[in-house]
Amino acid sequence: MSQPWPAVEIARMILAGFDDYRDHFQRITLGARQRFEQARWQDIQQAAAARINLYEEKVAEVNGWLRQAFAAEVLLDVEQWPLVKNAYIHLIDPRLDDELAETWYNSLFCSLFSHDLISDGCMFIHTTRPSMRGRERAAQTRTYRLDGSLRNLLRAVFADYPFDMPYGDLEGDLARLEEQLRECLPDWVCKDPALAVELFVPVLYRNKGAYLVGRLYNSDEQWPLVIPLLHREGHGIEADALITDEAEVSIIFSFTRSYFMADVPVPAEFVNFLKRILPGKHIAELYTSIGFYKQGKSEFYRALINHLASSDDRFVMAPGVRGMVMSVFTLPGFNTVFKIIKDRFSPSKTVDRATVIDKYRLVKSVDRVGRMADTQEFADFRFPRSKFEPDCLAELLEVAPSTVALEGDTVLIRHCWTERRMTPLNLYLEQATEGQVLEALEDYGLAIKQLAAANIFPGDMLLKNFGVTRHGRVVFYDYDEISFLTEVNFRHIPPPRYPEDEMSGEPWYSIGPHDVFPEEFPPFLFADMGQRRLFSRLHGELYDADYWKGLQAAIREGKVIDVFPYRRKAR
């Protein structure tokens, strides 16, 4: 008699692997408080990278478990996997993180089978989880009522958020926060006896900051609320700001930021809480912001297929200068660009395909300091041919035939990245007012400086490789030439040996593969002389090799810079 097919055993092993992953994820996350209290800034960066890498490492480990435990002809019998899915559904029903467990299952399935075997019968293309469930669980938020004064309300808040490192000047902090709150809200709101504060119980940690996150509300309105805390070494914990502007809070949870570390026992509930105070954010971005980037990827994919099914939108080439390495297309009604690697690069590019892939993957694991767009990597996307404008499809097939192929009425995209769509900076400047040009060039220089201080050198700093977000921030998004700043050799141009040297079309000095001459930046970056002069006035130090060498020295000494995800006026 043949043995029954081991669907339940396979499902249990997949879930055991998920438990192991979540345990390691939680261990790294729970260490965030101590790292903050002890000002272990470099450990924070290492922990963030380790937590990002953890998912793929654990998927590979569980893949190995399965292959060792079950014969290939059993494990890889895809016709039986609906039984595994059904068994898995029953196993995860009691969980508080079941949507993450579904995504984990999908990752294991894709690690075992080719993508052309993907179906909703075998996988969770559509979630089986209800978006909100009424369950008995510990409260994830605390509520504070106006008790006589704003100062008393704030004092009650901070009494519930102690640290092993004491607050340096709590009464001074409370006075400043009360003043900022009165500036942010109308006077009648501050005096409204119905005014209350609701805060998420766990503190959110990222880089050098800790964040209290929640909302202010009365019987009629609500406002998001974020209170960033800093550890001033030698001075204790300090409340750095109070932020109630939705756009400012949205930037804190931006796709350009590193992921928060927060103890989130019920991820869906926390994401729904954030969604209520930031209705403009997609849940994919909110999941990603707290470190569940694979769940963010799942939610993004579901939103994409729903958009394609419910609209007449068709893929078109993205506006802007065509890339020398990547080809970029988009859906006009979907705020995302899709990037594929061309088969042949422009002659001026010295990178190869493998290097480009490594560069894009690097971006996910480094501190993006609010200046680099996060990416999601996909394999074997399949779309109906009818969803492409003919000229877009023709261009993709021409420049990347090894990546884009036709399978009857289906377009197969073997490999791509997605990024948030932005307005290319060069196009933005063409339409900008004088004031907007000033703000954009100021922020462009700040973006370069902040990336550099985080040990990232963009390489190709042309305006077309930066975008402007809906909040007016300048963000870098073309990664094929990025490197660590400490790998670059910044040099002054040597003086000419003879008068004829300056007239020559060739340099009179040797140039190594990692050499960069900042004095050459002005004509390289700006054809417009007015913009060139303005940028020189705003950020002229970027043209000096000594400025870059000073940053390199600070990085080598182990200094970790402060880059705040909120504007100066909020502090």
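Here the Cβ of each residue, glycine as well, is placed from N, Cα and C on the backbone.
Here the structure is a predicted model, which means the values were calculated and not measured.
What Swiss-Prot records for Asp374 is active site. Under the three-state DSSP scheme, Asp374 (active site) falls in the coil class. Counting Cβ atoms from all protein chains shown, Asp374 (active site) has 22 others lying within 10 Å of its own Cβ.
Taking a C-beta cut-off of under 8 Å and a sequence gap of six or more, Ala318 (ATP binding site) has these contacts in its own chain: Val328, Phe329, Thr330, Val337, Arg421. What Swiss-Prot lists as ATP binding site is Ala318, Pro319, Gly320, Val321, Arg322, Gly323, Met324, Lys339, and the listing cites sequence analysis.
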If I take the alpha carbons of Arg322 (ATP binding site) and Asp374 (active site), what is the distance between them in whole Å? 21
Per residue, counting other C-beta atoms within 10 angstroms of the C-beta, which of the binding-site residues Pro319, Gly320, Gly323 reaches the highest number? Gly323
Find the longest CA to CA distance in the recorded ATP-binding set Ala318, Pro319, Gly320, Val321, Arg322, Gly323, Met324, Lys339; express it in Å as a whole number. 14
Cα distance, Asp374 (active site) to Pro319 (ATP binding site), nearest Å? 20
If I take the alpha carbons of Lys339 (ATP binding site) and Asp374 (active site), what is the distance between them in whole Å? 13
Chain-internal residues near Met324 (ATP binding site), provided their CB is under 8 angstroms and they sit 6+ positions away: Phe345, Ser346, Ser348, Lys349
